[in-house]
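Notes to accompany the following structure.
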Amino acid sequence: MEKAAGCPAGGGSYPQKNAEILSSQYGINLFLAGLLLTFAWAVHAVGISKSHLLSYLITLMLIQLLWMLWYLCRSCTQRRLIRDKDTHAGARWLKCGITLFAVITLILDSFKIGYYIDFSNCLSPTEGIFPVTHAVHTILQVYFLWCHAKDIIQSFKTLERFGVIHSVFTNLLLWTNGVLTESKHQLNEHKERLITLGFGNITIVLDDHAPQCNCTTTTLCSIFSQGIYYLYPFNIEYHILASTMLYVLWKNIGRKVEHHQQHKTPFKFHGITVGMIFGLIVLTSTIAIVVVYLIQIGRSKMKSELALTMFYLHAIFVLVLMCTAGVVALLIYRLEDRSLDNSKNPARKLDAELLVGTAAGSWLLSWGSILAIICAQAHPKYTWYNLPYSVLVIIEKYIQNLFIIESIHREQEKVNDDIKTLRIVTISRGSTLSLTPSYKEIYNGQTACDHGEVPCLFKGSISGRERDGSGGGAREEKTQEKSSVMHSASDFSFYSRNSVTNNKRRILKNIAAFLFLCNLSLWIPPAFGCRPEYDNGLEEIVFGFEPWIIVVNLAMPFSIFYRMHSAASLFEVNCKT
């Protein structure tokens, strides 16, 4: 051990690097096996049923539960040991967000248990065991992330790498299962909506794996079956957030960190009133648009066209505002001369990669829509609104990604200690001292005048004048008056610069707050079934119904996650600015 530590470049780093490679390959194979099993169930492969898929997921969750219990027990026995922590990982607002999604996921599990009880005559026992195991898994995993998301593991590193990466890909498979189940439920509804728009040539019959028996209590079955699919968006977000937090924990295993003080950045509503007001207006109007859309779409051809037109016009207006806000923020950054923090930070690196990676889902859908509009022979009037909408989606994500990534990499502004202790002493002809408040005192809302303090910066010159007596009084007074004028000029320049900086910071905070609420607003429509990519029908005519549905089902989860992840990142930007 000592030899390895003494030669880090030789043999010390190889075992850990190999462990990282082996564990990542283990996780990828685990995920691919589950992905293939999920696909086989979806296409009704011979010999593959839903019970096989659920058995595989249950096994993975039980293995993760055993690992988490072992880790928690070992942590309790070593409670007195001082452990390194990654202060950037597992932020409190992120933990609160995943807890909220976990609570709704537990409600979803209770609905599934009730659904199984009502259809127990024709459902496999695994469909009852799965929600129970998943509920226990959810509770323990949230507790684990609250207590240990910041840990930097330095013992049993090889074993812990396999345990953490197993947890990462277990959550990814649970996310995939939720996405597929939610997508299959919506396909028949979208097919019916397309028929009302006049696309009668779509004749594919879709199977949603409905139970082949009658429900014992019809009313409860209806509540459970409908409620389950309204809760799936929260379950999907829960698992993707859990997998990202666990991935950061995996990347931190064996990491060497520099011990330095981290400044807490709490969220404050002060100074972001304008951004919050405009953002809440967008959020409220989006909710209203979604409600009207879901009511009107599929009722008749005219109502469906009006619903699509209303959605596109509202989205175009919101995206234009978001693009404008992002450009203003980037221009402010260009006017500032502040260095970027390029230190190693797994959480920040993952944030940037997820922003760009998940944005590709929306870009794929947008380019598909643009190509369909160009190539289609017939263009219903409402489909023309899809063109500016698709172009703006591409531009808006491009601008927003630049703003967020630069924001999370910018170093926080540091104020020189000499400026913080600056005092301006003005000596009038009556030998009266007038003290102006320092930058630090203004920043903290205090002034030195309240305490009757004389600045240390000028104590020497004041005591020197007293010792010189009256002989050098006149000359000293002239010197002090001249110095006072110079200090007053520099003080005015300093406060002018400080005022400009505060105004820039206030504008950036308002922009971040506005974009935060806008991203939450744009997360709501696709998460709750308002998806014009399905409903306008033009893409299905150009690409074919089945190919386009596959593209949408693959890209839409990433698009939905992008909005939630952007909102989380913008919340962090607002706290940091």
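Quick reminder: no glycine exception, Cβ is built from N, Cα and C everywhere.
According to TrEMBL, the feature transmembrane segment maps to 26-47 (among others).
TrEMBL lists 53-72 (among others) with the feature transmembrane segment. Residues of the same chain lying 6 or more positions beyond the ends of the transmembrane segment (53-72) and with a Cβ under 8 Å from any Cβ of it are 30, 33-34, 37-38, 41, 124, 126-127, 129-130, 133-134, 136-137, 140-141, 144, 147-148, 160, 163, 166-167, 170, 173-174, 177.
Distant neighbours of the transmembrane segment (93-117): 123, 127-128, 130-132, 134-135, 138-139, 141-142, 145-146, 149, 216, 220-221, 224-225, 227-228, 231-232, 234-235, 237-238, 241-242, 245, 267, 568, 571-572, 575; these residues of the same chain sit at least 6 beyond its ends, with a Cβ under 8 Å from one of its Cβ atoms. The annotation transmembrane segment is assigned in TrEMBL to 93-117 (among others).
The feature transmembrane segment is assigned by TrEMBL to 129-146 (among others). Only residues 6 or more beyond the boundaries of the transmembrane segment (129-146), in the same chain, are considered here, and those with a CB under 8 A from a CB of the stretch are 54, 57-58, 61-62, 64-65, 68-69, 71-72, 90, 95, 98-99, 102, 105-106, 108-110, 112-113, 116, 167, 174, 238, 242, 245-246.
Taken from TrEMBL, the feature transmembrane segment applies to 229-250 (among others).
For 271-295 (among others), the entry in TrEMBL reads transmembrane segment.
Summarising the annotation, TrEMBL assigns transmembrane segment to 311-333 (among others).
Per TrEMBL, the feature transmembrane segment maps to 354-379 (among others).
Under the heading region 'Disordered', TrEMBL lists 462-485.
Look at TrEMBL and you will find 464-481 tagged as compositional bias 'Basic and acidic residues'.
Among the features that TrEMBL reports, transmembrane segment is placed at 507-529 (among others).
Annotated transmembrane segment per TrEMBL: 541-562 (among others), in sequence order. Packing against the transmembrane segment (541-562) from elsewhere in the chain are residues 175, 179-180, 183, 187, 199, 202, 204, 233, 236-237, 240, 354-355, 357-362, 364-365, 368, 371-372, 375-376, 397, 523, 526-527, 531, 533-534: each is 6 or more residues past its ends and has a CB under 8 Å from a CB in it.
The transmembrane segment (311-333) is in contact with the transmembrane segment (507-529), judged by 3+ CB-CB distances under 8 Å for residue pairs 6 or more apart in sequence. The transmembrane segment (229-250) shares the most Cβ pairs under 8 Å with 507-529, out of the stretches 26-47, 271-295, 507-529.
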